[in-house]
Amino acid sequence: MPKKNPVILSGDGTADPIDTWWWLSHKGTTTSFLCISLFALLIRSAVSMFPYSGAGTPPKFGDFEAQRHWMEITTNLPAIDWYRNGTHNDLTYWGLDYPPLTAYQSYLHGILLRTFSPESVSLFSSRGHESYHGKLLMRWTVLSSDVLIFFPATLFFVLVYHRDRTRRANSEVAWHIAMILLNPCLILIDHGHFQYNCISLGLTLAAIAAVLCGSEVLTCVLFSLALSHKQMSAYFAPAFFSHLLGKCLRRKNPILSVLKLGIAVIVTFVVVWWPYLHSVDDFFMVLSRLAPFERGIYEDYVANFWCTTSILIKWKKLFTTPSLKSISLAATILASLPSMVQQILSPSNEGFLYSLLNSSMAFYLFSFQVHEKSILMPFLAATLLALKIPDHFNHLTYYALFSMFPLLCRDKLLLPYLTLHLLFTLIYHSPGTHITLPKTKTSSFSFTSFPGYVFLLRTHFFISLVLHVVYLNIQPPQKYPFLFEALIMILCFSYFVMFAIYTNYTQWNISSHFRSADKEKKQI
Amino acid sequence: MDHLLWFFAVATAVKLLLIPSYRSTDFEVHRNWLAITHSLPLSEWYFDETSQWTLDYPPFFAYFERFLSFFAHLVDPKIVDLRSGIDYTADSVIYFQRITVMVSDLSLLLGVHRLTRKVEPLKRKLICVLVVLSPGLLIVDHVHFQYNGFLLGWLLLSVSFLQDGRDVIGGFLFAVVLCFKHLFAVAAPVYFVYLLRHYCWTGLASGLRRVVGLGAVVVAVFAVAFGPFIYNGQIQQVISRMFPFGRGLCHAYWAPNFWVFYIILDKGLAFWLRKLGFDVQVPSASFTGGLVGDSSPFAVLPQITPLTTFAMVLLAITPCLIKAWRKPQPGLVARWIAYAYTCGFLFGWHVHEKASLHFTIPLAIVAVQSLEDAKHYFLVSIVSCYSLFPLLYERQEYPIKVLLLLLHSVVMWLGFAALYTNEKALKKKEKKESGEIKSKFEIGCVEKIYLMGLVLVEIVSQFLHPYFLGDRYAFMPLMLISTYCAVGIMYSWIWQLRRILT
């Protein structure tokens, strides 16, 4: 039950040739992956024993009930009625608002539930169904989705991403696997709170791996599937789009390459959306379900730009919803533009990973209707870069988790929150690990070397610790019942902004590094 | 220490996540003991029958519960309430009791640390993984609920002192362990012979002095434990609580030991004799239900009494005692103790499946000593962990127990493979940076087939049997598991015996 961690040998080669974690990683990446994934599964199944969101809180319950309700709808009604309000499908009660692939997944899981526990998905009578076996079966559907999609995708990514590494780096690779698979945010949301992010994120991860190994058609198919599972996958779309476009433009026949990829995307979408493509009405009916603009630009206390600045500027009062839509769209595009431009100009694998991070962070910060849980998107991208920016990744994990703290507290997941945090910290700092940041040789100037930055970071950290304690122990003043949530939001938002600036800056730096390296080569 | 602490911290994280899992009645047993020791004067501890879960561990464990109950009272006074606390399942009591187990596991950390502080780093890491993250301990202590890790920690500490040649402290600690849980007494003959020979056999005068000294230490420990009860004239009551021989030869779920074969042989013989026309009485008593009067639970074979089992255990340990007498080597103490517990497990009276921890944990220390030991340990630890599966019969814990065992097997396999890799080959490969490193650690063909059989047994008992037979023959899956595991444990016993004799 150990996790294995990495040791980066001190570069001069004088270090012991057999590192501290050699004994667990000596058989190669696949074996370490097996070992870590068993541990990760153990942690997941343990977390799944804790309560889910909305447990025992009628009448609306929470995300668990939403997913169960979708299974109930999809197994009992024909596909065309899934998104339509009708006598059998009351869309105001957790109506299906994810794309068709989620519906199909609910259908498959619903069939499974019907086989073993028919009462948990029977039409109408199962509303608010909560039972030992019902919970267990639902939990196991998430576990199996993880095993079938996210875990293989991780293995695919790790094999491709680390293909050039020597056997010495085995433990470093193992550390990276552990960082991806033991990602506390994903575990808490999927196996604690209850969602199926592992599917869309797994498909995205596989698409990323496909980019790294150069099979672009596969990328398009996989990413289209991810988009058809959860529309939030669009957070990554600018990165995929710009990277693939940038690559195609460098080919002999740019138009042909773009066409090829376009066809792959269209075919995938047509296949997935087939039941809803028979009439324009049906199509727009589904589409309108996916974009619930009437819910406003933000909900609750999410650490993004709109919600945080609303303390000072009452966006909802100043603008109408349609104009807010355009404003947020413009802001999002503007924020993701730098990373897109960089990828179109000089597409590179490393730059692509940064651009995934930057575009998803731009969406998180500026797009319309963002949830706390959406931090999973930028966080996944950051996880992939864990070996490049270990310190920042560590801090991001902390604040990403912290931004979901009020949510997880509501779900009664405080203990798993703290424990997974502890576990993450332990694995991150596993003995023998000296994660030394590969210094970017390109610039003597670094964002993080500002003296103020470190001070700011420490202050942030200190305040967040205090807020944890305060949130748990002190009743907020009656006049401001959500005072502490707002404080947590501001704190996380300011960190996310700093992080986004840093990663954008780094992304642009890589390209200048490559370019200067190219120049040097030419000169030689 | 940093690796050890790290592993312990990781294990603690896993344990914390297991808090909401299934709890056996042992949880309520220990809660009741908290209540008894907190609410009643010492003179009534072993008499109280408010709850059916009466106090039946030796006094040190009662004192330990008294100590814990002080904190329990601070956390939530209802935990230690003798009457209204019965079957109390609030978060407070669950978190409190679960956390006491985690904290008391510190003794295990201490034991492993002391035992391995002079061992080379890789072996130390392995022992640490095998003991601190032992799936058996996690299943029994942190899901099922008991304090085995705490007690085994003291035992390991005692072994570590014996290995250092500090016999008096080793003996003292063992006496302490005995006063915590008397089931550890199976190894007492080994301790007795070893200490007598290794510590006291130094010539007549100094030897006698040492015997008296050591004896005084042990007597002092027992006096502290039992003294108050002797003073109150309750010692008989304490003893009768500790040794409830009214219970049957086998526990409700048969531990995978020798008696499984005995029972099956009896059933088989009775069946065939009846077929052949003999008049065989159906026994009126069930072998799990305890002895009722003079009736025997066996139809054909002679009845087994506690005395028989006692004699058999002693007989089985004898070869090891002779060996210890002839050549008392500190380095072999762990092996002998593990062997004694194996004998106790195989032939003892009313043995619980949990008792297999008593030998798998000390064997972990032996496992890194040689390739053969590693191969043996690989098999026995998997079998003993698998035999604990029926303890967690609820579905929620199913993935957890399976994953714990799989993970343990994979880690063990990787660890042993690394430990027994040819270093020269490794260095060569280091230069080439590619290719598979051949390890000497390979499981034999028979062992492989046997372990594969475990998968088959699990599939039959968990899936095929309920699917095809439903509730009929509900005892079959359990019988299948304990019989199959008993084969493995018997093999381990014979292997250990041969190892000790050669």
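Glycine residues also receive a Cβ, built from the backbone N, Cα and C atoms like all the rest.
No curator has checked TrEMBL annotations; they are predicted automatically.
Quick look at what TrEMBL lists:
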type     : residues  : note
SIGNAL   : B:1-24    : signal peptide
TRANSMEM : B:122-139 : transmembrane segment
TRANSMEM : B:145-162 : transmembrane segment
TRANSMEM : B:169-192 : transmembrane segment
TRANSMEM : B:212-231 : transmembrane segment
TRANSMEM : B:252-273 : transmembrane segment
TRANSMEM : B:304-325 : transmembrane segment
TRANSMEM : B:332-349 : transmembrane segment
TRANSMEM : B:399-421 : transmembrane segment
TRANSMEM : B:449-468 : transmembrane segment
TRANSMEM : B:474-494 : transmembrane segment
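If you look at the transmembrane segment (B:332-349) against the transmembrane segment (B:474-494), you find at least three C-beta pairs under 8 angstroms, all six or more positions apart, and that counts as contact. Put simply, of B:122-139, B:169-192, B:252-273, B:449-468, the stretch with the most CB pairs closer than 8 A to the transmembrane segment (B:474-494) is B:252-273. When each of B:122-139, B:304-325, B:399-421, B:449-468 is checked for Cβ pairs under 8 Å to the transmembrane segment (B:169-192), B:304-325 comes out on top.
Looking at which of B:122-139, B:212-231, B:304-325, B:449-468 has the most CB pairs under 8 Å to the transmembrane segment (B:399-421), the answer is the stretch B:122-139. Away from its own ends, the transmembrane segment (B:122-139) comes close to residues 3-4, 7-8, 10-11, 14-15, 18, 108-109, 112, 115-116, 148-149, 152, 156, 356-357, 360-361, 364-365, 367-368, 377, 381, 384-385, 388, 391-392, 401, 404-405, 407-408, 411-412, 415-416, 418-419 of its chain (Cβ-Cβ under 8 Å, at least six residues beyond either end).
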